[in-house]
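Pulled from TrEMBL, these are the features on record:
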- 9-122: domain 'Hikeshi-like N-terminal' (DOMAIN)
- 137-192: domain 'Hikeshi-like C-terminal' (DOMAIN)
């Protein structure tokens, strides 16, 4: 390989195309500051050798430095792979970033069937709970209605022979303006109640 065919994009940081080091012609290491996720991709116009794929690994920068200094192999964890048909992938790496040191991402060109077997051994991603999302939505709706009711109740009055309780539309408009302003300045204010 003449030049590294990979790019690494740490979410919220600059696109990296030059590895920090290359232990071999098919292995590349990228030192990255603390981040939650990374995108690894093949640089456009580059291809991997036939029947190969790129295996993506990660470890904490602290672990990498201490094991390397002791002459030991770093404890890399397999994240997944990219290759023909899937030229990019996003990986969650927040658990590897300890302290402010960040992480080291390793990309190794390996036999495609070996990478595929490693991918098959990865645990399935956790299923998203629709119950939790539904409960959060209901809780948010209740907080908004409660906030509106508390504000508007002070404007209520009785009209007509039956003493029907009414609220002027202007009161609702005032609540909405204040509510929007408060959400913009502190989006979590409803959670504090």
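We count from 1, first residue shown onward.
Including glycine, each Cβ sits where the backbone N, Cα and C put it.
Across the domain 'Hikeshi-like N-terminal' (9-122), DSSP helix (H, G, I), strand (E, B) and coil residues number 22 helix, 50 strand, 42 coil.
Look at the domain 'Hikeshi-like C-terminal' (137-192): DSSP puts its residues at 40 helix, 6 strand, 10 coil. Model confidence over the domain 'Hikeshi-like C-terminal' (137-192) stands at 80, taken as the mean pLDDT rounded to a whole number.
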